[in-house]
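Data first, discussion second: the structure below is written as C-alpha cells.
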Amino acid sequence: MASPSSFWSKAFRDAIKSSVFIAKIYCFLHVTTNHLGFMAYAYGPSMTPTLHSSGNVLLAEQITKRSQKPSRGDIVVIRSPENPNKTPIKRVIGIEGDRISFVIDPRKNDQSETIVVPKGHVFVQGDYMHNSRDSRNFGPIPYGLIQGRVLWRVWPFQDFGPLEPTLT
C-alpha cells in the first residue's frame, strides 16, 4: 500500500501540471487576441449590403496596424470616440491628406461639407450612409482608435469567406 505522503506528493505534482497547462492556454489566448487577431461581432444596418444587418461574426487581424497604415476601402474595427465600450465596424473612405466631401445627414437634406483628413487620422463611413454613425458625425478617427482590419466573415456560414477592401 502506498504511503499517504506519496499520495499527496502525486496530487501536488498533478495540480502543478494542470496549473501550468491552464497558464499556457491563457498566455496563448492573450497573445492571440491582443496581438494577432480577434473575432468581432457586427450587427445593424450601417454596413449593409456588405454585412447583414441581422448580425455577422468577423475575423479581424491586428498585425498590419503596427506595420502599415490603413488603405481606402479597408473594413476596420474601431474604438468608438463617442463611447469607448463600443467597437463599430466601418469602411475607410479617406486617409490622411485626402479631401473628403460628404453629405452631413442624407435623411434630412443634401447639405454637404468638405474636410481634409488630418495627419494620423482616417475618415470612416458605413456602407449604408443613410443609417450610420461615422466620421460624418464624430470626425476623422485617429490611428490609435483602429482596433483591427476585418479579413473574413465567419458567420453566417453561407457567406463564409474573405471580405475584400472596396470603395462603395
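Glycine is no exception: its Cβ is also placed from the backbone N, Cα and C atoms.
Since this is a predicted model, take the numbers as computed values, not measurements.
S46 (active site) counts 23 other C-beta atoms within 10 Å of its own C-beta, drawing on all protein chains shown. Among the features that TrEMBL reports, active site is placed at S46 (among others).
The active site annotation in TrEMBL covers K90 (among others).
Per TrEMBL, domain 'Peptidase S26' is recorded for 28-102 (among others). Helix, strand and coil counts under DSSP for the domain 'Peptidase S26' (28-102) come to 16 helix, 27 strand, 32 coil.
The average per-residue pLDDT of the prediction over the domain 'Peptidase S26' (112-155) is 89, rounded to a whole number. Feature annotation from TrEMBL assigns domain 'Peptidase S26' to 112-155 (among others).
The list of residues near the domain 'Peptidase S26' (112-155) in space but at least 6 beyond its ends in sequence, with Cβ under 8 angstroms from a Cβ of it, reads 37-40, 44-51, 55-62, 64-65, 69-70, 74-82, 87-106, 161-163, 168. S46 (active site) sits 8 Å from K90 (active site), counting Cα to Cα. Shown for the domain 'Peptidase S26' (112-155): DSSP residue counts in helix, strand and coil, namely 10 helix, 22 strand, 12 coil.
Within the same chain, the residues at least 6 positions away from K90 (active site) whose Cβ sits under 8 Å from its Cβ are S46, M47, I75, V76, I78, V124, Q125, G126, S132, D134, S135, listed in sequence order.
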